[in-house]
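Asks: Sharing a structure, written as structure tokens. Questions coming.
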């Protein structure tokens, strides 16, 4: 994939404007370090920084169709591009890139082709005959995208906020599953699945149908001409992804080029739950496993870079992004260009521990719908930007359109967590892969309790962040938090600390409005906090905030903030700085 920047309909076609667009495009170079391209057509500029995954030798982007009326700058992976090429048999393609089909589809079908694409994408095709264009983003928002408007009437599009925040009067997140058309200067939703209305589905649970749908989602993402690996924390989601990948890798074109031995990667503090579980799964599957350890101080030292790259002040996103950011640097240094990861399962199946308190199947289902619709501001943003900070791509099969349709049409009564019946979180997913004759995973891994990524890398990671923030944010500062930050006012010192850093990089009001807010417990939406009255006194995105559910739950709110006791255990000043790489 890539980093894209488009400036459309600007009033200044001068050389200075072209230089400025190039300068802004270079802010995205970490996303695509292998090729820089810029095409100007009148008052429109299309720029691209390319990370080559499919047909890397083709190079040149933005992409054109055969006689040049359509030009496209695109960040994406189109998994059904070979089938689409067959439908476009009257067209001549210049490259073997999967994204080459987009310009041709735009010429052939106009604005009505987006739903034909099976993949993840953000793109801007420009018709040079009349300077019309559309902008589109994938169904769930796996790829990041922003839209802004200049005082001169120009429309700006960028993969990251840093590409447009200094030059736009107003900007915002481009909504997932939508397209923007220059012909009516407005948005419309192209992604219209049945679950989007939040109506309660009634389809019976079919374990084999669910299993086969997910296997297809994983296998289609093995499309590659470059080395890749799998992120393996040892939790259910990443372990299933690794298991399926290792089973089917030998049958793919990727195995012919790079061998059938799968490389897996895990990160954590020394002795963390994820490192232990990840190694156990890797040994079971026979992967070439790489463990990356970091210290609390390593993570703290990276916080400013993480906030700059991930472009958020959301507490849970920063907690989870930091280990992923550190791991991505190491993975890229090994020559790997993309990884397959397990984001999205918890939203689809109600895997977060607070779902234990869902009062009925209706509220359970409505919460999963809310969580999926918000993914682009949380886990998708984290997975996309913390990896792309180092030119590494993350693919997420749980967010496959076809798989989501299967999973979200199951009667939610089957997803409800019922301990007295032995049904833990994500039970129907676990059961679908519980194969006695040809097991995908060891039983205790298949039924391991949910760990949020920021918890699984080591519980002292979050405790260390809180202790560090307490050194930099005083009680007096917290008293004035509402005056300093009236929007999404931070209610903890940790949140205040992140907000200060974010505002230094992105001081515009539009920037702070791109970050979600509201009360949360264990990553819930604000609505789900109402499920348990006790949660309102223990608001924290960590899974350990789900009192009475998590095996290592916080005993009470005061225990969370015992900074002095924590520093007796791990003196932050003495923590080593170097990242250790093992295996």
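Every residue gets a Cβ built from N, Cα and C, even glycine.
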Asks: To which of 222, 231, 232, 392 does Swiss-Prot also attribute binding of ATP at the site defined by 267, 341, 342?
Replies: 231
Asks: Is any of the recorded positions 2, 231, 341, 342, 343 within 10 Å of residue 76 (L-glutamine binding site) (Cα-Cα), and if so, which, in sequence order?
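Replies: So the list is 2.
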Asks: Can you tell me whether DSSP puts residue 76 (L-glutamine binding site) in helix, strand or coil?
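Replies: For residue 76 (L-glutamine binding site) - judged by DSSP and reduced to three states - the answer is strand.
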Asks: Between the Cα atoms of residue 342 (ATP binding site) and residue 50 (L-glutamine binding site), what distance do you get, rounded to the nearest Å?
Replies: 24
Asks: Once near-sequence residues are set aside, which residues in the chain of residue 343 (site 'Important for beta-aspartyl-AMP intermediate formation'), 6 or more away, have Cβ atoms under 8 Å from its Cβ?
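Replies: In sequence order, 237, 375, 379, 380, 382, 383, 394, 396, 398, 399 meet the Cβ cut-off.
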Asks: Under DSSP, is residue 50 (L-glutamine binding site) part of a helix or a strand, or is it coil?
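Replies: Assignment for residue 50 (L-glutamine binding site) reads strand.
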Asks: Taking only the Cα atoms, work out how far residue 2 (active site, for GATase activity) lies from residue 50 (L-glutamine binding site), in Å, as a whole number.
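Replies: The separation of the Cα atoms works out to 4 Å.
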